[in-house]
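Engineer: The structure is given below, and queries will be raised subsequently.
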Amino acid sequence: MERTLTILKPDCVRKQLIGAVTNMIERAGFRIVAMKKTRLTKETAGAFYAVHKERPFYGELVEFMSSGPCVPMILEKENAVADFRTLIGATDPAQADEGTIRKLYADSKGENIIHGSDSAENAAIESAFFFAAEEVVRVD
C-alpha cells in the first residue's frame, strides 16, 4: 500500500469545499489515514515549499498558503501518488481534465484548491512535516 500527502489549500477551505473534495477522494478509493485542520505561518509555508525558493512564484505561494486554514491529509491506496495526481488534475485548472478536482473547483493556477505529492519519496517527507507517526491511524 502506498501513501501520499494532500493539502486542501486555503481557497478550498474558504469556499467550504472540504466535504465535497474529501468525498471525491474517498470515492476514488483512497483511505484517509491522517487529517487535521491547521494554519501555516509564512515561516512554515516557506519551509514546506523551500524546494521552490528560487522559482518566481515562491513568494506568492507562501503568501497564499499562509492566508487561511488548510487541511493536510495522508492518503493510502495502491499506486496512491500517481492515482492522486490524476484525480486532482493539472496545476492549471484550464489544462485539467474534465471531472478532476481542479477542473471542478479551482479558479486559477495560483489558487488551485489542492496539493498532491509528486513522488513517494516526497510524500514521506511532506507527511512527516505535518504528522507525527502516532497521528497516522489505519482502520481496516
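Cβ coordinates are placed from backbone N, Cα and C, and glycine is handled just like the others.
Got these off Swiss-Prot a minute ago, pasting:
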- H115: active site, pros-phosphohistidine intermediate (ACT_SITE)
- K9, F57, R85, T91, R102, N112: ATP binding site (BINDING)
Engineer: Within a 10 Å radius around the Cβ, which one of these recorded positions has the most neighbouring Cβ atoms: R85, R102, H115?
Structural biologist: R102
Engineer: Looking only at DSSP and grouping its letters into three states, which state does N112 (ATP binding site) belong to?
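Structural biologist: Assignment for N112 (ATP binding site) reads coil.
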Engineer: Between H115 (active site, pros-phosphohistidine intermediate) and K9 (ATP binding site), what is the CA-CA distance rounded to a whole number of Å?
Structural biologist: 7
Engineer: Given the binding-site residues T91, N112, which one is most crowded in terms of C-beta atoms within 10 angstroms?
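Structural biologist: For the binding-site residues T91, N112, the Cβ with the most other Cβ atoms within 10 Å is N112.
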Engineer: When DSSP states are folded down to helix, strand and coil, where does R102 (ATP binding site) land?
Structural biologist: helix
